[in-house]
Amino acid sequence: MPPADASHPSAPPCHVHKFGGSSLADAPLYRAAAALVDDPSRTRVVVVSAMQGVTDALIALLDTAQRGDAWQPAFDALRERHLVAAEALDPDGHFDLRARLEEEFATLRHQLQAIAGGEPDAAQLAPGLPGFGEVFSSFLMHAALGGDAASWRRLDARDVLVVHEGEMGMAVDWPQSRARLAQWRAAQGDGNVVITGFVARDTHGRATTLGRNGSDYSAAIFANLFDAAALTIWTDVDGVLSADPRLVPEAVCLPSMSYAEACELAYFGAKVLHPQTMAPVQERGIPLWIRNTKRPEAPGTLIAPDSGRDGAPVKGLSLVRDLAIVELVGNGMVGVPGAAERLFGALRGAGVSVTMISQGSSEHSICCVLRADQAERARDAAAAAFADAIADGQAQGVTLTRDIAVLAAVGDGMVGTPGVAARLLGGLAQARVNARAIAQGAGERNISVAIGANDATRALRAAHAAFWLSPQTLSVGVIGPGQVGSALLVQMSAALPQLRERSGLDLRLRAIANSRAMVLDERGVEPVDAVARLHGGAAQPLDLDRFADHVRGEHLPHALIVDCSASPRVAAEYPRWLARGIHVVTPNKQAGSGAWDHYAAIQDASRRGGGRFRYEATVGAGLPVMLTLRNLLDTGDELHGIDGMLSGTLAWLFNRFDGSVPFSQLVREAQALGYTEPDPRDDLSGLDVARKLVILAREAGRALSLEDVDVENLVPPALRDVDREEFLARLSEMDEPMLARQRDAAREGRSLRHLAQLDRDGLARVGVVALPAEHACCHTRLTDNLVQFRTRRYSDNPLVVQGPGAGPDVTAAGVFGDVLAIAQSLGAAASWSSPAIDVRAQVHA
Ligand SMILES: NC(=O)C1=CN([C@@H]2O[C@H](COP(=O)(O)OP(=O)(O)OC[C@H]3O[C@@H](n4cnc5c(N)ncnc54)[C@H](OP(=O)(O)O)[C@@H]3O)[C@@H](O)[C@H]2O)C=CC1
Ligand SMILES: N[C@@H](CC=O)C(=O)O
């Protein structure tokens with residue numbers, strides 16, 4: 001490119017704005033666009049595309065005319081559409097807009113007639129014909145901006161811009177174009193200008209266009225020719241996104257990127273500017289903004305010489321699909337000069353373009369990734385080129401692997417930053433995506449990974465999560481927003497913002513379910529709204545498979561289900577979830593104390609699938625009972641026995657029960673306070689405590705099952721098999737026997753307490769005991785659990801864990817603690833992370 005033209009040294013630097021067709025669909029949008037450039041402090045140049053859909057309509061018109069079919073109806077519709085816009089923009093005819101458009105439409109009509117009639121030289125009109133839309137559009141925009149009276153002039157780019165066909169598309173004849181523009185400016189004087197995008201004139205003086213998306217290219221060319229201070233391309237998205245938002249809901253708008261990054265991403269299929277468009281602004285270092293006409297308040301993306309090191313190594317991710325791998329394998333190629341030349345010469349000869357190349361230092365094979373529709377041609381050309389070597393056994397042959405995609409990570413910050421490839425490939429590994437071939441040039445700005453086409457979306461999402469999300473981002477589903485579940489949601493709502501800010505823990509509640517319904521929300525459910533949403537229109541019938549699929553997702557690094565039900569049906573799903581890598585946290589005792597096979601399946605699935613299973617709250621609610629036991633055992637201690645009070649409900653009942661109020665009334669109170677199990681008979685029968693004892697025993701490595709526990713059942717036989725409602729209605733039938741028991745104990749100066757015991761030989765029993773007043777269990781309060789661990793180290797004096805052992809808040813805190821323990825174990829954030837770590841999905845306007 002030649003140096004800048006100095007014909008207007010004194011002209012103030014101007015700002016070039018370009019509006020695409022989606023920003024110019026009708027008259028109101030022209031007005032809105034005009035308002036966006038209303039900055040009298042600067043000289044402005046506005047480059048316009050055609051109204052939305054007009055270029056396609058013109059191409060169709062041209063086709064129709066070339067075929068000799070009736071083109072007039074479509075022509076009339078196009079004319080009418082523009083005249084309607086003209087009427088709205090120039091109702092009083094101040095700008096003579098209608099007449100000017102009619103003049104242009106008359107020219108278009110003549111050209112179509114000539115083409116349809118097969119007139120001599122008519123073929124020369126075809127290349128320029130699709131550019132009429134920009135010509136019409138420039139008149140409309142000129143009027144919207146206030147026309148000549150507001151010192152706006154209109155420039156038809158065909159009068160100044162000269163281009164010719166180059167190897168990479170239309171190339172600008174810079175000296176001619178610069179000279180013509182200088183002439184035009186000398187005649188018109190400096191000021192604001194509206195310019196037709198897309199159109200130009202070829203070196204023979206014929207109207208032509210710059211090819212698809214040529215308006216962006218026009219804008220960049222005029223930014224260069226005007227030596228602009230800035231170029232803004234106004235479009236219908238917020239800017240350049242980190243990945244395709246249709247595939248990655250978490251995609252974020254990038255605040256800035258370098259020209260090189262934008263070019264790399266464009267090459268790999270991201271919807272940013274074509275590399276050809278970048279060249280004219282890059283050559284002069286003109287900052288280029290991508291902004292959204294529909295959300296002008298959004299800052300947009302700045303593409304500039306240096307994107308500014310914001311600490312993020314990767315700026316964007318891109319996918320190229322419909323590819324194949326052709327691989328040449330040959331032991332005899334090792335160290336032989338010219339093998340690569342022969343292969344790529346053959347591909348060139350076959351007209352095949354190579355997307356990615358990978359060769360290991362062993363030189364044993366050369367792997368090329370290329371377009372699927374060229375794959376067979378490429379394979380045959382390579383096989384032919386190496387036919388002799390294959391026949392001699394020096395080369396083993398050429399293989400073709402179809403259904404390939406390439407994922408590319410791009411960023412200037414990758415240069416010299418260790419660990420980028422590790423994070424990319426680690427993300428893919430976590431999503432179980434196999435990398436077929438990998439390429440990174442010494443420029444270090446791009447790492448490309450060839451993967452199976454079926455894995456493409458999963459790979460893109462996993463890679464995006466690896467770079468843009470905290471490694472401690474969890475997709476969370478909560479089942480059972482009852483007493484405990486609701487308390488958990490309240491606690492999450494209060495704690496999540498802080499956790500996110502201070503520790504990078506990003507827990508996203510994305511699914512909620514009760515026994516009948518579920519809500520699955522890609523964007524997340526506000527914890528405080530969760531219960532209400534289960535009763536709203538978005539709720540759907542419960543389906544645990546779909547629930548798990550949704551929570552697992554693919555675009556968030558980790559998934560976790562919190563089961564706050566007491567349901568065996570839900571607990572039965574744990575092995576499948578854990579095997580899929582979904583972590584499970586629960587206060588539900590069904591799994592920990594259920595059939596041994598199920599318990600073993602859970603441990604096995606967790607080991608194989610990587611999902612972690614935590615159930616601290618099943619024993620002692622929020623107390624660190626399991627944690628204490630695990631610590632004792634992990635540090636080499638040996639468990640001799642466990643005893644104490646393991647039921648908050650029964651502790652509370654016997655703390656309160658002195659015969660002054662009926663036992664049944666206290667049970668109802670305990671239920672209302674959220675201490676009891678959903679069916680209080682689970683507490684009164686001793687089953688709940690037996691479950692806890694089994695859970696503890698198993699944690700200590702003993703294969704105890706519920707049948708092995710000697711359990712005293714306080715529920716009268718007549719109430720054991722009735723349904724829950726009837727049991728609650730007949731609860732007072734417990735009063736008399738319980739009062740008699742209380743009086744017997746009191747007569748001996750004793751108090752009733754519910755105790756659990758697991759001894760050294762594995763004997764386990766659960767039941768009510770009358771204890772002397774000095775016994776430690778008689779000095780507890782409210783729902784206190786008291787758990788005594790007798791171990792080799794704590795043999796004379798047991799280690800005691802004591803405190804409230806029931807209630808929604810303390811239980812939810814225990815559950816939440818487990819969730820955080822898992823989140824914290826998922827790895828701290830790397831020293832660098834992408835700037836969008838706190839930004840939720842940004843939406844396409
Ligand atoms: N309360 C406490 O102090 C402690 C409780 N726990 C345990 O916490 C769990 C919850 O107790 P709590 O909150 O009191 O119980 P609740 O009865 O108040 O809540 C249970 C929740 O689970 C849901 N649910 C039941 N069955 C299913 C199913 N098949 N599928 C999906 N959801 C289901 C219920 O939905 P719906 O409303 O539709 O029935 C409800 O939302 C229990 O396992 C309990 O043992 C553990 C330690 C202490
Ligand atoms: N109902 C249970 C709740 C905790 O597991 C109890 O009372 O202990």
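FYI, residue positions are counted from 1 along the chain as it appears here.
Cβ atoms here come from the backbone N, Cα and C positions, even for glycine.
On the 0 to 100 pLDDT scale, the model's mean across the domain 'Aspartate/glutamate/uridylate kinase' (16-292) is 92. Annotation source TrEMBL lists domain 'Aspartate/glutamate/uridylate kinase' at 16-292.
Taken from TrEMBL, the feature domain 'Aspartokinase ACT' applies to 326-386 (among others).
According to TrEMBL, the domain 'Aspartokinase ACT' annotation covers 408-467 (among others).
Mapped onto DSSP classes, the domain 'Aspartate/homoserine dehydrogenase NAD-binding' (480-616) shows 68 helix, 25 strand, 44 coil. The feature domain 'Aspartate/homoserine dehydrogenase NAD-binding' is assigned by TrEMBL to 480-616.
Feature annotation from TrEMBL assigns domain 'Homoserine dehydrogenase catalytic' to 624-820.
Contact counts against the domain 'Aspartate/homoserine dehydrogenase NAD-binding' (480-616), taken as Cβ pairs under 8 Å, peak for 624-820 among the stretches 326-386, 408-467, 624-820. With DSSP classes pooled into helix, strand and coil, the tally for the domain 'Aspartokinase ACT' (326-386) is 28 helix, 17 strand, 16 coil.
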